[in-house]
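To start, the structure itself, in structure tokens.
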Amino acid sequence: MSENFTDWLRERSEPDWTAVVEHPFTDALFDGSMPDEYMSSYLVQDYQFVDDFLALLGAAVAKADRYASRLKLAGSIAVVTSEENTYFQRSFEALGIVESDRVDPELDPATVAFRDLMRDTRDNGGYAEILAVLTVAEWTYLEWAVRAPAKPDNFVHAEWIELHANPDFQEWVTWLRSELDRVGAELDERERARCLRLFQQATKCEVDFFNAHWD
Ligand SMILES: Cc1ncc(C[n+]2csc(CCO)c2C)c(N)n1
């Protein structure tokens, strides 16, 4: 393959890829028109999503093929468990989210579908397959967030954008992609096809996740 594995995967995940990156939910975040009701239901569900995402990162640490990769992945776990966690708590406070919705909300079908994909990949996937799902979740979020024209006034909106549109996050996504490119180059055709199917499924999960909090 002359082209990068990750570019190859993304090209084959259209039109869903662009539907995520240019989703009207993100436009409403940028221009201040996001209703609190939508932001609340999205963040409540996303907090549950992050739990399984963290477990998937843990599986990547376990299955990585070298120490340098394990270190990088382990470092990203520290980011999810620190800054992001206080963001959710502060936003839940500001939006008046009740305790039961913070700890044990009823899960939306889109959340369940994404969780099932992450759990299945975590338990049954190899390192490349885990990277494929992680890369979709992080790369799509970088791409929508860098489209933000300005910083909104509301901190709930502004910080959600800034968490994904900053140089450290950009660097992490660049590393994830280069790691998947590296590992992907060693795969045979069947293994590459399995990664592609997961990449496409994860991209579809991202579209459905935004759609679940938008109409
Ligand atoms: C549905 C959904 N997809 C992707 C992300 C992105 N994401 C997941 S965990 C995390 C922390 C940094 O590694 C980030 C940015 C999200 N939040 N919600």
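Positions of Cβ are set from backbone N, Cα and C atoms, glycine also.
Looking at the domain 'Thiaminase-2/PQQC' (13-214) alone, the prediction's average pLDDT is 96. Feature annotation from TrEMBL assigns domain 'Thiaminase-2/PQQC' to 13-214.
The feature substrate binding site is assigned by TrEMBL to D46, E84, E138. Around D46 (substrate binding site), the same-chain residues six or more apart in sequence whose CB sits under 8 Å from its CB are F88, F209, listed in sequence order.
Its Cβ taken as reference, E206 (active site, proton donor) is surrounded by 24 other Cβ atoms within 10 Å in the chains shown. The DSSP secondary structure for E206 (active site, proton donor) is helix. Under the heading active site, proton donor, TrEMBL lists E206.
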C-alpha of E138 (substrate binding site) to C-alpha of E206 (active site, proton donor): distance in Å?
11
Return the count of C-beta atoms lying within 10 angstroms of the C-beta of E138 (substrate binding site), excluding that atom itself.
19
